[in-house]
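These notes concern the structure reproduced below.
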């Protein structure tokens, strides 16, 4: 007698055997197919799944498609795995036949053709149901691509495991490597490409992949002499690129090369590519690279990114910076931006404000680029349909040259790879040694550069004592001191420092500099409109300002003022929103907050904002400051829950998508202008002025307004975030003011 459990076990066993048998049978009977990822891609390892069968390209329907099927597709294309799959023609509608429908895979099949389906060409789908996949960027080591399944491979996408420029021995110490033999890795072996049909447009694509914006012609004579002395191992195909591709995998395979040992490519030689680096990466004899550099007046910039060559795309139009909508945003348009900024082609075109939301207008929508434009501003775009919000801000990641930045710096002793004591590699007495960095003047800006140089994201904290992190170098070896960074540098040694003349009174050891890094950061932005609409004057008696006086919120003349005298206060409201990707939290822990008896509240930050009135030449004529006695979520965007409230000694901070409002009637929410004479001024507000808390973008922490004071009234106008008022704007506003 057989029990029900035995019966169930047998059914499972036989079904497993049948499944295995089906896979084995399909291994021998399934047709050989070629796959590619096509469509409106935003990175090179994603796209619409297309199948080459019976001499014709076609698509795959999304009915019954699964992560297992996506995994088979990605692995057949040489990627390690699949991240996800997308239905409903997310990468655009394909053309031609829909070759496969109702695809069922176990995930272990070698080819999509081995998966169960309705059969090739049997489908009731439309191209609105074309499926797409997103693969991991890592390639399978030693992968051999399926080819020769048709009479010719011409027109198929180039599929290789890796690409590199192999410099000659005399050039290998140069940083970056801009020239060398081109080699592709296929089947686990590095191979050269025959130059007989190679073009400059092909070289342009290779240079872009290696982080360079352009290519140049090269003197091949010394390379030919060198190649003649070496054994060659050619790849079996030529390559056809149009020049606007972001990656070699977007190019097409050309004519098949007959491999005849050293007789292969008799009319040519191994391809040599020479690239032109962007100005920030141009090699010099002294340092191997130029110092970090900013264009005087760029038309395009990146904001919100932690790494070099990544961020939210912003464009300058009519003197005002704005963002780009992600409608139709693709890797071709992103590549135009990357090359314009001195980087290579784009690694990824990103959408949905993945580097945080910008401010100001959305200048461009539905951007269409050919890929050969010198600037994004030359591309076609919709000038009228700008119905986008900042939730749709476009962003990107660029290919950047391998500068070896992370080889000259390391973190030691931390609990994880994102924190530790900072150690630098320097030459002493003819040998390279590791040592610590003096923590005098060490702060958030310096930590920001360290995290960027190591590719670890944003700075979370800067530490001036690291006795709890033991480094590998001796405690007394300090190799860098007096470090002062602006925060824009690529490497720590680009910052100001003492050079070889080390001066560190405290010494290394427990006072060595340390950092902790994070992948996400907040980004505070002040509402210029709220300031402009709420500015007014109030005359307030001195006896009612004792608490404010105690907090140093009045000008110096208040020290000797009579208690019955009045102070003239420029009052206003400020609304500060967190547009970043993580919450803004005060650095000090609860236990270190300072209780202020006068106002009955805690100070969680020494200074949260600076308020200043400046003359037109930038001289400070009046000042105020706002201690952060309470950081909380006053209001939040729809669907976002408030986290922070000051009541009952609660946690302080500003949640992503929320804002903290300081009303005009709160003490210290003013500038004391009692001693200011009538005239024209600049009203300035700076958030997080001491960089006490790390943010993804500090350039939008400054707001400047034009102000006119006649002794009794004040007008505030033309408030701008992030950028200094230009002479043109000042003049135009003066004209408008007088005409009014």
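Here the Cβ of each residue, glycine as well, is placed from N, Cα and C on the backbone.
Taken verbatim from TrEMBL:
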{"type": "SIGNAL", "residues": "1-30", "note": "signal peptide"}
{"type": "DOMAIN", "residues": "35-136", "note": "domain 'SRCR'"}
{"type": "DISULFID", "residues": "61-125", "note": "disulfide bond"}
{"type": "DISULFID", "residues": "74-135", "note": "disulfide bond"}
{"type": "DISULFID", "residues": "105-115", "note": "disulfide bond"}
{"type": "DOMAIN", "residues": "163-276", "note": "domain 'SRCR'"}
{"type": "DISULFID", "residues": "241-251", "note": "disulfide bond"}
{"type": "DOMAIN", "residues": "300-399", "note": "domain 'SRCR'"}
{"type": "DISULFID", "residues": "369-379", "note": "disulfide bond"}
{"type": "DOMAIN", "residues": "409-518", "note": "domain 'SRCR'"}
{"type": "DISULFID", "residues": "485-495", "note": "disulfide bond"}
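On the structure: features taken from TrEMBL.
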residue : record         : CB count, 10 Å
61      : disulfide bond : 24
74      : disulfide bond : 25
115     : disulfide bond : 23
125     : disulfide bond : 18
241     : disulfide bond : 22
251     : disulfide bond : 19
369     : disulfide bond : 22
379     : disulfide bond : 17
485     : disulfide bond : 23
495     : disulfide bond : 21
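The disulfide-bonded residues in question are 105, 135, and the one with the fewest Cβ neighbours inside 10 Å is 105.
Across the domain 'SRCR' (300-399), DSSP assigns 16 helix, 33 strand, 51 coil. Distance from the CA of residue 241 (disulfide bond) to the CA of residue 61 (disulfide bond) is 29 Å. Note: the Cα of residue 74 (disulfide bond) and the Cα of residue 105 (disulfide bond) are spaced 13 Å from each other. Here the candidates are the disulfide-bonded residues 115, 135, 241, 495. The one whose C-alpha lies nearest to that of residue 379 (disulfide bond) is 241.
Residue 485 (disulfide bond) has 369 as its nearest neighbour among the disulfide-bonded residues 105, 115, 241, 369, going by CA to CA distance.
Taking the Cα atom of each, residue 251 (disulfide bond) and residue 115 (disulfide bond) are about 28 angstrom apart. The separation of residue 135 (disulfide bond) from residue 105 (disulfide bond), Cα to Cα, is 16 Å. Residue 125 (disulfide bond) sits 24 Å from residue 135 (disulfide bond), taking the CA atoms of both as reference points. Per-residue confidence over the domain 'SRCR' (163-276) averages out at a pLDDT of 92. Here the Cα atom of residue 115 (disulfide bond) is found 18 Å from that of residue 135 (disulfide bond).
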